[in-house]
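S.K.: After the structure tokens below, expect a handful of questions from me.
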Ligand code: PEP
Ligand code: MG
């Protein structure tokens, strides 16, 4: 049966919106052709063809594929008037990869295909073409040899460098036609030497091998690593297309050029054409960083007419795609061609600025402005920047290729970077220039430094996409990989030395330079304001101190969703009071300690309420088991032994040593060091430690996370909760008296029955009465429960009788749902579970929607069946994760609460969640 499937689409017929079938590059070439831009004629072999081929590569390409390719090649011959394999005016083509998701440099490309000793003569016979023809030929042999025949770069590079050295030139452009002819001959020998076969001369044979090589590169290590790192799944991109396009040449002399452009600046977002080009060069020279390119503005002087055409091209691309475009162009003997366009990869600064400006220019609407930025991208804006007040002076300067600053130990190759990165070292990858095969080194590094190449070199583009700082083209640095050193004037960077790079300015420093936190731009404020208008979820912050609360307000938190009060106890001067409270033998001595804690907590709560004036502050009552505030049993045993030793031996000899001082340095139980010589005081210290040890042993539990903690503590020691509740309500009363509007909320942890809530509520009621009577003001607040225990979720309806709000503590709820210890699982078996696909994600990081999420969904329904519109939120770590936020939106939570710096990310994610909702309402789960 004949194979009637359509494998190939001419640029005139492909559907520009079908990126899955044609790949991004192919779809755009079709679209640009169809809107009348000057694209060299060509066609696309579909991604489906790639998958069919990869199913059974040994069988080669289906026969119908090459039939359709031949038919399309004939049509290219008609359109161009050239002939493929012809000796007069030969048609040469490029063979390029391109999948639905842009994966720059990850797959293979072959240029100048169709050249052989016969067509070469045809090319040479054109005027002034001899040098160009040999250059094209040696490039084909080299690229084809590498990509399609698997010959190493070095095999060609060594020969080429030898020729340059012999001729005495540094740049390729300085080589004559004769030199390049020699290079072509030598390269043909290299192919024969390395593969045992001559270089294939039949153009269609070249084409078929090249198509298969590009298809194979979809499964190459670089591409597979890249997809894994960026979570590119088959529903996002499946297989690569092959784009076959008539070659146009930027290396035909001084009226020819090639370059890349962005319709706006990809680092700042500024509205203006940004780009780089090289006269008399081919495309890969710009990207590979082999010659340092010129800024696009220089073209206005060099070729004013073509520059004007380029500006028009830029304007048409942006108004058509309504997105910043990253395009490639070639000028062949004065004629401008657009070879490729795609959505520009930008850093977060540029994305935010262009969103705001393109909306103002009427190019996009608010929804598009929000959706074009992935929430996680905003993390870049929270990157540290170098502290400009630091006095360090740079040792070298390169191009500011990807903003942000980074400090790390210099490493000179990608493998070493990966190795050190795995061992937990912070490293900066330092290279002369990077290549796609260095990609694993990028992942492992804090930042990238190169000594050659421009802002569109491989290093720059990849680092920007990853949001990692990069300084490119620092030409003052000479990298010697063999010696594992880099030389900068008189200075040397040895492998392992700490260096600092500033991708915002291009500066490079020896040693570590101080950093400071990033600041919000005006545009980000505007964008996040739109996000807040769009989102239904409110975004609150987890903050435990007044300082954190102030910072959270700066990040735009709409309140504090979780204040873990126990964190307030950990300050050096507070801990002894907490210890005193725990060691108290009876209620009255416990009360004495609590009376000391009350004013401390009250002033903290007051400061937090003030920092969040007008917005809710949810204070969670004491949660962890109290033994966490005491030294461990082991530590106490050791200290006791040392004290006893001191008493029995050392004191007898009147010797005080540093060791003795160390022994006394715990809690509040020891006398000052100069009195230690007094055996009676040492005895007292021993008695106190012994009491503490007894207490620690009494408090010991086999499973403390499932033990005497949370509300169980509040029930058994009501005076502790009573003090905390009083501190919250007194702080609120004082604010009210000062005329402030405050919204305190009291939240009970680890609840599993309604009776627990009823007990705590009765304490709340009596404290409220006393506080209101004392201050003479009414204190409004909410009383709520955490839902972090499975039973609490199942009994949500009953808990809602007492609780006015719920907050899902998904850290504990995940632990309880899986019976995985949240303290241990991530270091023990979880990585193996993830690697083996037993669990797709770490459930402590990515909310387990099917398990813990199901409990939440049920609890929401049950709670609201009792209390209409009941306020419900999440305060576990998941509250700052975009996927979890979408789920929280879908089940109808009121708010998410996350750490302060993640608040901007959560605000945008909350808007995305609202925008992903279909017009019919909540998306199905
Ligand atoms: C939780 O369990 O999700 C929570 C927020 O509380 P903690 O992490 O303090 O146990
Ligand atoms: Mg918890």
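Counting begins at 1 with the first residue displayed.
Using the three backbone atoms N, Cα and C, a Cβ is placed for every residue, glycine included.
Here's the feature list from TrEMBL:
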DOMAIN    425-506  domain 'PEP-utilising enzyme mobile'
ACT_SITE  458  active site, tele-phosphohistidine intermediate
BINDING   564, 620, 788, 809, 810, 811, 812  substrate binding site
BINDING   788, 812  Mg(2+) binding site
ACT_SITE  875  active site, proton donor
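Give me the structural setting of these features: burial, nearby parts and distances.
M.R.: Under DSSP, residue 458 (active site, tele-phosphohistidine intermediate) is assigned to a helix (H, G or I) in the three-state scheme.
Within 10 Å of the Cβ of residue 810 (substrate binding site) there are 28 other Cβ atoms, across all protein chains.
Taking the Cβ of residue 812 (substrate binding site) as centre and 10 Å as the limit, one finds 24 other Cβ atoms among all the protein chains shown.
Of all Cβ atoms in the shown protein chains, 28 besides its own fall within 10 Å of the Cβ of residue 875 (active site, proton donor).
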S.K.: Given the substrate site residues 564, 620, 788, 809, 810, 811, 812, which other residues of that chain have a Cβ within 8 Å of the mean position of their Cβ atoms, reported in sequence order?
M.R.: 562, 623, 749, 786, 807, 808, 813, 875, 876
S.K.: Report the binding-site residues (620, 809, 811) that meet this criterion: Cβ distance to the nearest atom of ligand 2 under 6 Å. Use sequence order and write none if nothing qualifies.
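M.R.: The ones that qualify, in sequence order, are 809, 811.
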S.K.: Rounded to an integer, what is the Cα-Cα distance in Å between residue 809 (substrate binding site) and residue 458 (active site, tele-phosphohistidine intermediate)?
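M.R.: Rounded to the nearest whole number, the Cα-Cα distance is 44 Å.
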S.K.: Once the chains shown are all counted, how many other Cβ atoms turn up within 10 Å of the Cβ of residue 458 (active site, tele-phosphohistidine intermediate)?
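M.R.: A 10 Å sphere around the Cβ of residue 458 (active site, tele-phosphohistidine intermediate) contains 24 other Cβ atoms.
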S.K.: When you look at 564, 620, 788, 809, 810, 811, 812, which the record names as binding substrate, what is the longest CA to CA distance in angstrom?
M.R.: 15
S.K.: To the nearest Å, how far is the Cα of residue 810 (substrate binding site) from the Cα of residue 875 (active site, proton donor)?
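M.R.: Just about 7 Å between their Cα atoms.
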S.K.: DSSP helix, strand and coil counts for the domain 'PEP-utilising enzyme mobile' (425-506)?
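M.R.: Helix, strand and coil residues of the domain 'PEP-utilising enzyme mobile' (425-506) number 18 helix, 29 strand, 35 coil.
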S.K.: Around the C-beta of residue 811 (substrate binding site), how many further C-beta atoms are within 10 angstroms, looking at every protein chain?
M.R.: 15
S.K.: Which number gives the other C-beta atoms within 10 angstroms of the C-beta of residue 788 (substrate binding site), all protein chains shown included?
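M.R.: The answer is 26 other Cβ atoms.
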S.K.: On a count of neighbouring CB atoms within 10 A, which of the binding-site residues 564, 620 is highest?
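M.R.: That would be 620, with the highest Cβ count within 10 Å.
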